[in-house]
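The following features are taken from TrEMBL:
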ACT_SITE  Cys95  active site, nucleophile
ACT_SITE  His208  active site
ACT_SITE  Glu210  active site
DOMAIN    19-224  domain 'Glutamine amidotransferase'
Amino acid sequence: MDGPALLTVAVRGVAKLIVVVDYHKGNLLSVERGLRGAGAEVVVSDDPAQVRAADAVVLPGVGAFADAAASLEELGLGAAVTDAVAAGAPFLGICLGMHLMFEAGTEHAPGAGPLPAGLGLVPGTVGLMPKTDEAGAAYKIPHVGWNSVEWDETDPLFDGLESGEYFYFTHSFAAPESAATIGRTTHSVTFPCAVRVPGRPVWGVQFHPEKSSDAGARLLANFVTVAGAAAGRRGAAATMAEDTVLSKE
C-alpha cells in the first residue's frame with residue numbers, strides 16, 4: 001500500500017475548475033496530481049479572486065497551524081475560502097487543511113493571548129494528541145503510517161469504499177469530537193479523522209488521500225464527482241436567473 005494510486009475511476013460531471021489553495025506551506029504537487037488523476041481540471045493558486053471563482057476548493061497543507069493560519073490571513077486566502085464555501089463551492093481540507101477548518105488550534109500558539117484562529121467552518125480547537133492512552137500507557141507520537149478509518153453512515157466522500165479502509169497518516173495534532181465527525185481512527189486513542197459540515201459539501205480528512213493508493217484515489221474521485229455535480233447545479237441556476245432577467249426586459 002505504499003505505492004502510487006493505481007485505481008482509475010470514471011468520473012461523472014467533472015468540475016470545471018478545482019483550485020488547490022497555495023498558502024506557501026508545503027508541497028502541493030501530489031494533491032494536484034491526485035485530482036488530475038480523478039479527471040479534474042486543477043489550478044494551484046494563491047490568488048483570492050481565483051479561489052472565490054472556483055467550482056471547488058481543496059486546502060492541503062503540511063506544517064503548523066499557527067503559521068498556516070497567519071499565511072492564509074496575510075495572503076487574503078482565508079476570507080476567499082470562506083466566501084467560496086458560502087457560495088456553495090464544495091471544499092476538501094487535507095491534513096493541516098482539515099485542522100484549519102476548525103475555530104482555533106494550539107500548534108505553535110503564542111504563550112499568551114488568544115489562540116490562532118482557523119476558518120471557523122467547524123466548532124472546536126485542534127490540539128496535541130494525548131501523550132498516554134486511557135490506561136495511562138505511553139504511545140508513539142507522531143502518528144505516521146497506514147491506519148484504518150471507520151465510519152458509521154454512508155457519505156458521498158466514501159462512496160464505493162468500505163468502512164475499515166486504510167489511509168496514510170502523518171500528524172501529531174488531532175481534531176476534537178463534534179457534530180461534524182463522520183470518520184474515526186485509532187492510534188492507541190480514538191479520534192476524528194474525517195469531518196463534514198452537516199448538510200453541506202464541505203469535508204476535511206486527517207489522512208492524505210493523495211498518498212493512500214486505491215482508497216485515496218477513490219475518495220478524491222468522489223470529491224471531484226460531487227464538485228462537478230455542484231458546478232452543474234450552480235451553472236443551471238445562473239442560466240435560469242439570467243433567462244428570468246431577460247424575460248423581464
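Glycine is no exception: its Cβ is also placed from the backbone N, Cα and C atoms.
Model, not experiment: these values are computed from the prediction.
In this structure the alpha carbons, written CA, of Cys95 (active site, nucleophile) and His208 (active site) are 6 Å apart. Long-range Cβ proximity for His208 (active site), meaning a same-chain Cβ under 8 A and a gap of 6 or more residues, is found for Ser30, Ile94, Cys95, Phe167, Tyr168, Phe169, Thr170, Gly216. Confidence over the domain 'Glutamine amidotransferase' (19-224), given as mean pLDDT on the 0 to 100 scale, stands at 94. The residue listed as 'active site, nucleophile' falls within neither a helix nor a strand when secondary structure is assigned with DSSP, and so counts as coil.
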